[in-house]
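Swiss-Prot has this to say about the protein:
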type	residues	note
REGION	1-132	region 'Disordered'
MOD_RES	S11	phosphoserine
MOD_RES	S15	phosphoserine
COMPBIAS	55-64	compositional bias 'Polar residues'
MOD_RES	S64	phosphoserine
COMPBIAS	71-99	compositional bias 'Basic and acidic residues'
MOD_RES	S100	phosphoserine
MOD_RES	S105	phosphoserine
DOMAIN	156-464	domain 'mRNA cap 0 methyltransferase'
BINDING	N165, N166	mRNA binding site
BINDING	K169, G194, D216, D250, Q273, Y278	S-adenosyl-L-methionine binding site
SITE	K197	site 'mRNA cap binding'
SITE	K203	site 'mRNA cap binding'
SITE	R228	site 'mRNA cap binding'
SITE	H277	site 'mRNA cap binding'
SITE	E359	site 'mRNA cap binding'
SITE	Y456	site 'mRNA cap binding'
Amino acid sequence: MEGSAKASVASDPESPPGGNEPAAASGQRLPENTPPCQQVDQPKMQKEFGEDLVEQNSSYVQDSPSKKRKLDVEIILEEKHSEDDGGSAKRSKLERGDVSEDEPSLGRLNQTKRKLQPQDDEVPQKLQKLEEGHSSAVAAHYNELQEVGLAKRSQSRIFYLRNFNNWIKSILIGEILEKVRQRKTRDITVLDLGCGKGGDLLKWRKGRISRLVCADIADISMKQCQQRYEDMRCRRDNEHIFSAEFITADCSKELLVEKFRDPEMYFDVCSCQFACHYSFESQVQADTMLRNACGRLNPGGYFIGTTPNSFELIRRLEASETESFGNEIYTVKFQKKGNYPLFGCKYDFNLEGVVDVPEFLVYFPLLTEMAKKYNMKLIYKKTFLEFYEEKIKNNENKMLLKRMQALEQYPAHENSKLASEKVGDYTHAAEYLKKSQVRLPLGTLSKSEWEATSIYLVFAFEKQQ
């Protein structure tokens with residue numbers, strides 16, 4: 001990483017090099033002759049998906065042996081408590097992969113010609129039942145997650161990984177709110193889509209917004225989110241805090257506009273963190289999610305979020321000898337290789353103590369194309385590595401990384417031990433120390449944690465005038 005100070009942050013030599021995606025996968029517009037969203041020819045898009053994956057896979061094979069990932073920012077981790085309470089059940093998706101240098105070519109994609117379902121009433125009854133079953137499973141999973149205090153979270157194996165993801169979100173949210181303030185200084189309204197237990201409430205307070213609508217499928221999570229909000233208000237009697245409403249709904253099947261207290265409400269920002277991929281079970285659900293996210297945005301408003309990178313997931317899957325990959329922190333299991341439909345491409349994801357629920361692959365060029373229906377333009381899409389490398393150059397962002405304990409101290413303090421006991425999980429930090437003249441300690445993520453978080457990307461769309 002670049003920056004005035006130096007530190008080793010998860011410089012994983014086996015993790016995939018960033019910035020090698022083909023144009024269609026890197027957040028750029030699709031070819032101008034691509035049909036409108038509602039008229040997208042699915043077999044054609046499916047073919048483009050396959051071609052993109054093959055190109056992506058080839059570029060990684062060429063680059064991975066010679067490129068060493070080095071995240072270098074020198075951080076001394078001193079605080080014992082994170083300034084930003086991210087929430088124990090925020091949708092932190094994480095994947096990884098010990099990827100070999102000789103990756104097999106991708107299998108043939110399913111080219112079955114079938115039309116996109118334009119309306120809910122055209123979805124076969126059997127499919128509707130399957131979707132209802134999956135939605136119930138997602139809601140049940142997040143409802144069953146227990147609230148965990150700060151002391152307990154600090155003992156978690158993924159404590160730093162979750163803080164790192166939380167830092168990514170903090171920077172993303174903060175910068176987008178600053179963009180909004182360039183055109184309006186008051187009455188900023190936000191929709192938090194898939195808000196979970198309210199892990200981003202503190203971010204919205206710090207962002208000095210005026211009004212927040214939280215929506216999530218899990219009713220117990222929503223009650224906990226509302227309680228967090230009430231607790232926040234009680235702790236800050238003399239400080240203005242945004243008004244809020246809380247909606248329990250499946251945001252991929254129900255229209256939120258029908259549930260708003262104010263049916264004429266519009267938003268400046270919609271944030272969907274680690275959640276939009278659940279909607280890609282079907283075209284109808286993905287479109288409903290986008291309608292909720294973008295349909296009520298003001299001109300110049302933003303749809304922001306984080307989601308798994310489909311190219312990285314498939315790359316690691318194809319490099320695996322089985323239908324699954326992962327490490328001691330997380331696992332991802334697909335049903336089979338070589339068949340990656342645009343919708344309903346399910347995989348099972350497990351993250352230590354946080355997530356254990358089916359998810360769906362999001363082909364980002366398709367998401368970009370579908371968003372055009374709501375007059376949305378992609379303004380950027382970056383991997384977590386690319387986002388980190390860019391934002392860590394700012395000293396304020398660097399200090400926030402420290403305050404949030406988003407990196408682990410290496411070497412460990414004499415009275416403590418490293419988060420991972422796995423052999424080789426800190427070789428990147430040890431090697432960096434040998435090669436660099438830096439003062440100790442360093443801030444880093446273990447190799448296992450970096451393998452998990454490095455499959456994610458950050459995105460931002462803007463509502464056109």
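The backbone N, Cα and C atoms fix where each Cβ goes, glycine too.
Projection of Swiss-Prot feature records onto the structure.
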{"residue": "N165", "record": "mRNA binding site", "DSSP (3 states)": "helix"}
{"residue": "G194", "record": "S-adenosyl-L-methionine binding site", "DSSP (3 states)": "coil"}
{"residue": "K203", "record": "site 'mRNA cap binding'", "DSSP (3 states)": "helix"}
{"residue": "R228", "record": "site 'mRNA cap binding'", "DSSP (3 states)": "helix"}
{"residue": "D250", "record": "S-adenosyl-L-methionine binding site", "DSSP (3 states)": "coil"}
{"residue": "Q273", "record": "S-adenosyl-L-methionine binding site", "DSSP (3 states)": "strand"}
{"residue": "E359", "record": "site 'mRNA cap binding'", "DSSP (3 states)": "strand"}
{"residue": "Y456", "record": "site 'mRNA cap binding'", "DSSP (3 states)": "strand"}
Recorded S-adenosyl-L-methionine site residues K169, G194, D216, D250, Q273, Y278, farthest C-alpha pair in Å: 23
Top Cα neighbour of D250 (S-adenosyl-L-methionine binding site) in the set of recorded sites K197, K203, Y456: K197
Alpha-carbon distance [K169 (S-adenosyl-L-methionine binding site); K203 (site 'mRNA cap binding')] in Å: 9
Distance check against K169 (S-adenosyl-L-methionine binding site) for the recorded sites K197, R228, H277, E359, Y456, keeping those with Cα within 10 Å: none
Whole-number mean of pLDDT values that fall within the domain 'mRNA cap 0 methyltransferase' (156-464): 95
Rounded distance in angstrom between the Cα atoms of N166 (mRNA binding site) and Y456 (site 'mRNA cap binding'): 13
Other CB atoms within 10 A, centred on K169 (S-adenosyl-L-methionine binding site): 23
Cα proximity to E359 (site 'mRNA cap binding'), best match among binding-site residues G194, D216, Y278: Y278
Within 10 angstroms of D216 (S-adenosyl-L-methionine binding site), Cα basis - recorded positions out of N165, K197, H277, Y456: K197
From recorded positions N165, K197, R228, Y278, the one whose Cα lies nearest Y456 (site 'mRNA cap binding'): N165
Neighbouring recorded positions, C-alpha within 10 angstroms of R228 (site 'mRNA cap binding') - of N165, G194, K197, H277, Y278: K197
Whole-number Å value for how far G194 (S-adenosyl-L-methionine binding site) lies from H277 (site 'mRNA cap binding') (Cα to Cα): 11
